[in-house]
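Data first, discussion second: the structure below is written as structure tokens.
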């Protein structure tokens, strides 16, 4: 009995502490419950009942609270019984135990006194100084105690995270470990209480008298307090049920924990609160009696708390390290952070975000050496009692523990840009040795790994040399993070794209870029290291790529194999996928720039070279092919044609006599709502029209010179004047603005909109001038032959970049085809245009006629839900057409389109067919394909049921055709075939993603 007695007593004392401190916290936050306000007078007459009245915190307590109270009562009874037994057994106890029990009794007395003093102070705070919660906040600002708000918040956050992390750990730990941890923490708390009791004893009696005087004063004040004020405070209390507490109660409901765990957690909480409050009380009473709230003292308090919480953290992490050496604390911490809902993240005070804990400590220290001194006396920190070795260990652990937090705060995503600039200088001071210490490198959190700084890139080779198991684990966590980040809205993606640095880009704003680079993260120290490492990394990647290419080459020889090439090598593909998406984008952008520089005047020459590779028989084949696929684009959508002649202008009705049809609404609008263009007229008092480009479904386009911008050339798109077209035009305007805002540096190859205006009730959009579209380029240069593989590679890079931007902005273009892709004069740069059919990804109405037919994805035809994959399919069809000069799927109907797609890829998966709304139009009950064709003789429709469809179209043969290709080009064509195979998967879920496409060997490897 004697053996088990002291621990239970101690537990009891700690439970009391937890309860009291929790109540005092509530009171401090201004939570005055109704019962308390009613019982105020009675409480002051009979002081003994104070605790009991405090237990009745809320009238309508929840079930858990009742349970807790029930347990509490039982504990009290046990406690009394034990005291009786203890009295009888005291003679038999050893002197050491007796002193321990004396200490505990003394501690209880002191706690009661402390609670009384606290209550008085709180009452004084409630009425003399502050009328309402708002007042409290204002007063905090007046006294210059911004730190105090910060501290409260930090305490809250700290509590939250500690409980969370402890819960995750608690689940993993073994019970005997728990007991040992308990014993350790108890012994520490005992030491601390002993220190405190000594301190308190040494306090003079004069101070006690002063406190009594205060008490009497506050009593009088309280009596005179107006009822209205009291009711106000009650209301506030009701409203401001502090969120942390509520959250805690929810956690308790949500997770049914083992009683041992719960007890441990409650003890921990109690201890934390106790530690935070008790040493400050005396100091506060002194301050308040003088009625001077000095900001200095507040700062002191904040430091105290901070130092204590840090020590606590380090202790906890030490215990963890002993228990499970496998799991690094940084991982633990970071995972906790990831799980925290993003909505809670912004709720931190901006000041706290801006300073890392270490820097804050430094700046504080330099501000007040005097305070520092006082603090060292005040906080009898347990870390001082550790041996020097252990202290050092705890310090490094502490640093590790703080690292993920600091990283999260310092990552460019969470910081405003101007903060970064200001902070960079400070980060230079923060010892570089520490920054590169091995412990730190080891504890790199996954978040950091994703960050964009060049540091990460420079370290990656080192990371690769880890053991396979760890590499695997980190890769898994990375992919999880990537998935998570994808799901978080496009907004953050957009902001990220602005912060991104493009190292290679020789743009006008390069000076600006350099500044940004130097100010982002702390990558100033080791630039030489970075360069070396980067070269090593590039070399490694090149070797990997070659291996992949070799593998693909052998697969490509067997032309009937459709696409298992990608999944067949998960290892190599994951290895090649190691660079971050941003690196890939940068590399591709650099490639495009290089292509532009090198091929300013070589476009026509390269096309001629391709013509020369063709053999004579090719011509016969092409004429046959021509009959099969009539050119539906002969005179249709030539929106941005390069040339215009008087015949075409006359045909479009330009320069005709306006008097010809007086019945029209206006003379400047024709019967179909198109604007009648007059060469030489001035639009919006600044655009001088000098040429007519052509007309599309929605609009006609003119060329003009902008008088307000030194006669800069522009293209003006004049939308048709009818309700539907106006609506479409406004939608296009909205999407263009969104895309242009998301891509300020013009890296992503979507058409730039300069401005818009109204002219004679027509909406006019002003664009950058581009000479011609790819349909015209094909017609003019590559008719039935296609373009050079170099050009196709560069165009594919640019199209994938455009898709990337569309995805970032959650937009589907839904009409990608050569007609809607414009090129500049030198045919090196292309821009995606015509967003008239575009929609938000969430508004994807199921319609079988979305996208031009030849470029329509199979999921649209069968009426399945669709997303960004439809644009990827269209790009695949376009790339084939650019290289061969022929349309890939020249279907006459939707049914024919499905037949042609299945001729290339085999029968559509049943799982996919079942999801289609229009499946019955193309498949029977047994999901066999019903091919509808027109009989050549009778010209009637006949239906052929096809249970199996084998892939008969040979993509590689079509791509190479009759060309005699040199080896380097042949290799490139094989790669293009492989890329198209992955793009043209019938099931959109298996279709290649944009990032994967950008990393494909065809895109990455130069010719």
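Note: Cβ is positioned from N, Cα and C throughout, glycine not excepted.
The compositional bias 'Basic and acidic residues' feature in Swiss-Prot is assigned to 83-92 (among others).
The feature compositional bias 'Low complexity' is assigned by Swiss-Prot to 158-169 (among others).
Annotated compositional bias 'Basic and acidic residues' per Swiss-Prot: 248-271 (among others), in sequence order.
The compositional bias 'Basic and acidic residues' feature in Swiss-Prot is assigned to 294-303 (among others).
Swiss-Prot lists 316-325 (among others) with the feature compositional bias 'Basic and acidic residues'.
Per Swiss-Prot, compositional bias 'Basic and acidic residues' is recorded for 395-408 (among others).
Under the heading compositional bias 'Basic and acidic residues', Swiss-Prot lists 415-429 (among others).
Residues or ranges marked as compositional bias 'Low complexity' by Swiss-Prot: 562-581 (among others).
Residues annotated as SUMO1 cross-link in Swiss-Prot, with similarity to another entry given as evidence: 118. Counting every protein chain shown, 21 other Cβ atoms lie within 10 Å of the Cβ of residue 118 (SUMO1 cross-link).
According to Swiss-Prot, the phosphoserine annotation covers 21 (among others).
Residues or ranges marked as phosphoserine in Swiss-Prot (evidence: a large-scale study or a structure entry): 94 (among others).
Under the three-state DSSP scheme, residue 100 (N6-acetyllysine) falls in the helix class. The N6-acetyllysine annotation in Swiss-Prot covers 100 (among others).
Here Swiss-Prot flags 141 (among others) as phosphotyrosine.
If you look up Swiss-Prot, you'll see 242 (among others) marked as phosphoserine.
The phosphoserine annotation in Swiss-Prot covers 294 (among others).
What Swiss-Prot lists as phosphoserine is 328 (among others), and the listing cites similarity to another entry.
A distance of 75 Å separates the Cα atom of residue 118 (SUMO1 cross-link) from that of residue 849 (phosphotyrosine). The two recorded residues, residue 100 (N6-acetyllysine) and residue 849 (phosphotyrosine), show a Cα separation of 85 Å. For the modified residues given as 100, 849, the lowest number of other CB atoms within 10 Å of the residue's CB is seen at 849.
Reduced to three states, the DSSP call for residue 849 (phosphotyrosine) is coil.
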